[in-house]
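So that you can see what the record holds, here are the features copied from TrEMBL:
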type	residues	note
ACT_SITE	ASP35	active site, nucleophile
ACT_SITE	ASP37	active site, proton donor
BINDING	ASP35, ASP37, ASP256	Mg(2+) binding site
BINDING	LYS231	substrate binding site
Amino acid sequence: MAAAEARPGGRRRCRRLEGEAARAVLGAADTLLFDCDGVLWRGEAALGGAAAALGRLAAAGKRLCYVTNNSSRTRQAYGEKLRRLGFPPATPRHVFGSAYCAARFLRQALPPGAAAYVLGGPALAAELREAGVPHLEPGPAALPGPAPADWARAPLDPAVRAVLVGFDEHFSYAKLCQALRYLLRGPDCLLVATNRDHRLPLEGGAAIPGTGCLVKAVETAAEREAFIVGKPNRYMFDCVASEFDIDPARTIMVGDRLDTDILMGNTCGLTTLLTLTGVTTLEEVKGHEESDCPARQSLVPDYYVDSIADLLPALED
């Protein structure tokens, strides 16, 4: 597939994907990786035409995978949501959420019998159980006494060798204290996070703080940087590539965020397609295009569409 065109000075140029170019790019792909929130749906509402476009891609024999930084759903739950919103059926094998990928990472990184202290929700715990990773169950937590001395003496589980930070609606100072105390045991206690997304878009232009806000709090307290499992880290793509025979040159990454979806796709040598139904605006893309900064150039997608529905004409028989 054609990569982004380079302009004088080595700058990348993002083009609208339409007409014959769309037919050529989609025809040359055998795998498409989709982000979900802001690309396929917002909250519990599917974006117009998205299900129809993916249905035609599936009918054309394309492999569809779903790569999401959201750690609040299991792979099984994502498959159920796709079905509920009218998308082509997806088995858990085709879903790569940050909860699943984090569990996979810890299964490989932790020594036998070691456990994780989890700042997260039920989905993250469920994926850890499925992967066979021992962990302390998430949920609300209270400070273990009235004074800082009490907080510093609260019991610690000797098996914990990792702190895992995901989306946690019960995030609290008490949990932050415990996470720090585990991490102060030394570098042998891993600090792992599902993603750095700082804001989660909802219907109607609303938003809530994302996991990245919680990760920053733990990193600041521990004076350490977390290993990020989700996009833009290529670990998430490596999880897909370990499950399927993926040819990067025949794979398209479709997303709505430059600093996660597009950056991972560009880093991994994929064709990148931005949809403007989520976080990123075309003005942001143009600003990166005009920059001579390599880091900003790495955020420029190969192509963009206003929405996934724009692909429908190129998928007609």
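In case you wondered, yes, glycine gets a Cβ from its N, Cα and C as well.
Remember, TrEMBL labels are computer predictions, not curated facts.
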Determine the Cβ neighbour count for the residue listed as 'active site, nucleophile': the number of other Cβ atoms within 10 Å of its Cβ.
25
I'm trying to understand the geometry here, so how far is the Cα atom of ASP256 (Mg(2+) binding site) from the Cα atom of the residue listed as 'active site, proton donor', in Å to the nearest whole number?
8
Additional residues around Mg(2+), ordered along the sequence, whose Cβ is within 8 Å of the centroid of ASP35, ASP37, ASP256:
CYS36, GLY38, VAL39, LEU40, THR68, GLY255, ARG257, ASP261, THR275, GLY278, VAL279
Of all the recorded positions given, ASP37, LYS231, ASP256, which residue's CB has the most CB neighbours within 10 A?
LYS231
Taking the Cα atoms as reference points, how far is ASP37 (active site, proton donor) from LYS231 (substrate binding site) in Å?
13
C-alpha spacing of LYS231 (substrate binding site) relative to ASP35 (active site, nucleophile), in angstrom:
10
